[in-house]
Structures are given as structure tokens and as C-alpha cells.
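Asks: Please read through the structure below; I'll follow up with questions.
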Amino acid sequence: MKALSKLKAEKGIWLVDAPKPVMGHNDLLIKIKKTAICGTDMHIYNWDEWSQKTIPVPMVVGHEYVGEVVDIGQEVRGFKIGDRVSGEGHITCGHCRNCRAGRTHLCRNTSGVGVNREGSFAEYLVIPAFNAFKIPDDISDDLASIFDPFGNAVHTALSFDLVGEDVLITGAGPIGIMAAAVCRHVGARHVVITDVNEYRLELARKMGATRAVNVSKESLKDVMKELGMTEGFDVGLEMSGVPSAFHAMLDTMNHGGKVAMLGIPGGEMAIDWSKVIFKGLVIKGIYGREMFETWYKMASLIQSGLDISPIITHHFKIDDFQQGFDAMGSGQSGKVILSWD
């Protein structure tokens, strides 16, 4: 089968002929229709320090996808051949304390599809049936293929009550932009998103952000004054991993504010903890998606009218994968879809 593999311990990704994955008794065999390129895939493509420590070579990568069930393990119940599915990319152990308590997204033994095991940049993928999510008929393949990052946005945004609240999002990558759309959809008052990438900020405006602020040109505090905000942001969503962005968030949070952190800093990050203490801030770390509450909320948000389609800016056939990675790496894109049909 065709697959995109991290074939060598160097920058790049390669289109190869790979063996079809072998299915176990509790697994589904999925014929991939569309995949999306994630920021994690770009780290692997660029072969950065994290990738060098984490990714076995060679390995098929990728973890954002939609496909069709074409075979079912003999112990599987609840799925049938022809079901259209996406899937949770975090494979959990099922026996640690968090798994047994229903907090599977916090499993300490998590294995990542396309990170620790064969991924979805291939004509076929095998995953445990437990991890598969049936896609409703009224949700397109394009949207289903980005459910993984959309889930990060939903999990982060819905960590705290948003109705009537003022929200600051630092980092206008695709996940931050989708989080802005979620916040507006569920009833936040002002949703302000910051970045220095004007292309991405314009996407955020299209997706409903109240203000998309280029912090290299405009002061966040000036924007707050323009919006009539006198007390600070009630909710902060840190999506960038950039220390200066998080510092700006701490400076502008209201007393009693709540912060959800998804962005991963490149190294240790010092902050002024007195601001956290004296403002009484709550900080919550976010990893992945809640299984499977986030997935049902994703589908329901789209079915209730949330439109995240503007975040998808590029489509390529799999044979043109290099153009897709180039587009994603340029910073002048939203989500990039690769078609396997």
C-alpha cells in the first residue's frame, strides 16, 4: 500500500510501498479517505530535537484522518463494514488507575498513533475498535479528517464556563483559531486572539474572533480599552507555547480568572508566580481530548451550526504530498488535507 513514512533520520518524509497493517481480534481495519497534516507531523518532518528522541525510524506517521471500516476483529461489537470513522489517536492501556476510573485521556501509558506506532498517512490503518468514532452522515469527510485537532480546541475551550465571559487566546494556529470559533458559538462575549502571523490572524477573523491582534504592531491592553474591558480576561486559552505570550496572558487576566494551557513550551518557562497567587488564577493543563466526551461534543457543535470549514485552506492528492508539507511549513495556511482516494 502507499504510505508516507519517516524513512530516514533527517529532514523530510517519503512516499513508500508499505505492508498492509495486520489486524487483531479487537481492532478495526480502516481504508483511509482523507488525512490532515498536524503541527506534530511538521515536527517529525523537520526532525527536530523532540522527534529525534521520540520517533522510531522507519515508521508510517500521521494521526488526523477519516476513513471507512473494511474489516472487523472477531471480538469487536458495535461497528460494521462500511462505517465511516475517525479515531482517537491516543491508545490507552485500560488497566492503570486513570483508565479504570474513566479518565482515559490521562492514561500514563498512552501510545500515540503516528508517533509511537504506525500512523494514518497510509491507504490502510489498524486501530483498536475502542478508539474509533463513527462520523454522523451530515458531517463531511473534510471536517471529519480534522476531528483530532478540533478536539484539542474543543477540550481546551470548554474547560471552563464561557457564557458571557471575555476570552483571550494566545496563538493563532489552527487549533487556536478553531477554539475562537467554539468560544463565540457557545456564548462568550469578547474573544481576542493574538499572534504575529497576519495570514493566520485573518483566518481567525473569518472564524468569528472579536479581535485578532498582531502583537508586533498593536498593544493588547489598547485593544482591551477599545472593547470597554476594565477588569481583564475571565478565561485564557494558551495555544502557542511562547513564553512572552503566556506572560502577556498573566498580565491581562482578571482576578479569579481561569487559564487552560495546550501550547507546549520549547523548554523550561519561568513566570511571575506572584501574579498567579495574588490574582487567584486557576491553571489547567490540557492533553489531547477527553474520551469520548470531547468527540460527542465536537459532532454536536458542528451539527448545531458551528462552521469550522474556513480553517481548511489547502487540498492535495497524496502523490502531491510535498506541496502539502510545503504549504503547512510556510505558515501561510490553515489545515492542509491530503486525499487518498
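Backbone N, Cα and C define each Cβ position, glycine as well.
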Asks: Given that Swiss-Prot assigns Asp195, Arg200, Leu262, Gly263, Ile264, Ile286, Tyr287 to the NAD(+) site, pick the one from Ile175, Ile302, Ile308 that the record assigns to that site as well.
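Replies: Record source Swiss-Prot; matching candidate: Ile175.
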Asks: Here are the recorded positions: Thr40, His63, Glu64. Which has the lowest count of other Cβ atoms within 10 Å?
Replies: Thr40
Asks: Select the closest residue to Cys96 (Zn(2+) 2 binding site) from the following binding-site residues, measuring between CA atoms: Glu64, Asp195, Leu262, Gly263.
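Replies: Closest by Cα: Leu262.
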Asks: Expressed to the nearest Å, what is the distance separating Tyr287 (NAD(+) binding site) and Cys107 (Zn(2+) 2 binding site) at their Cα atoms?
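Replies: That separation, Cα to Cα, works out to 11 Å.
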Asks: If I take the alpha carbons of Gly263 (NAD(+) binding site) and Thr40 (active site, charge relay system), what is the distance between them in whole Å?
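Replies: Gly263 (NAD(+) binding site) and Thr40 (active site, charge relay system) have their Cα atoms 12 Å apart.
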Asks: Given the binding-site residues Glu64, Ile175, Asp195, Ile264, Ile286, which one's Cα is the least distant from that of Cys107 (Zn(2+) 2 binding site)?
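Replies: Checking each of Glu64, Ile175, Asp195, Ile264, Ile286 against Cys107 (Zn(2+) 2 binding site), the shortest Cα distance is to Ile286.
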Asks: Take the mean position of the Cβ atoms of Cys93, Cys96, Cys99, Cys107, the recorded Zn(2+) 2 site. Which other residues of that chain put their Cβ within 8 Å of it?
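Replies: So the extra residues in range turn out to be Thr92, Gly94, His95, Arg97, Asn98, Arg100, Thr104, Arg108, Asn109, Thr110.
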